[in-house]
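According to Swiss-Prot, the protein has these features:
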DISULFID  Cys54-Cys69  disulfide bond
DISULFID  Cys61-Cys73  disulfide bond
DISULFID  Cys68-Cys77  disulfide bond
SIGNAL    1-22  signal peptide
Amino acid sequence: MKLTCMMIAAVLFLTTWTFVTADDSRYGLKNLFPKARHEMKNPEASKLNKREGCSSGGTFCGIHPGLCCSEFCFLWCITFID
């Protein structure tokens, strides 16, 4: 019984926390879908395609692939040519 009450309280708390910390819980999904549709029509509009501060091929990256524009890192950034 205590476990059931604790589970219900935890679910209610997490649900409330999600709505409180959301940017716009009232119109969040309404504004999300038109933007996604616009980005599908124009893939250049996507912010995910832009990589700022990344290293080009041949520069030292250690073991962190996030530093390379190509996302391939083996001590140096690797760029594949098609």
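The backbone N, Cα and C atoms fix where each Cβ goes, and this holds for glycine too.
Quick caveat, the model's predicted, so the values are computed rather than measured.
The Cβ of Cys77 (disulfide bond) lies under 8 Å from the Cβ of Ser55, Ser56, Gly57, Gly58, Thr59, Phe60, Cys61, Leu67, Cys68, Cys69, Ser70, each of which sits 6+ residues away along the same chain.
For the pair formed by Cys54 (disulfide bond) and Cys73 (disulfide bond), distance between Cα atoms is given as 12 Å, rounded to the nearest Å.
DSSP gives Cys69 (disulfide bond) a coil state; it is part of no helix or strand. For Cys61 (disulfide bond), other Cβ atoms within 10 Å of its Cβ number 19. A count of other CB atoms within 10 A of each Cβ picks out Cys68 as the most crowded of the disulfide-bonded residues Cys54, Cys68, Cys69, Cys73.
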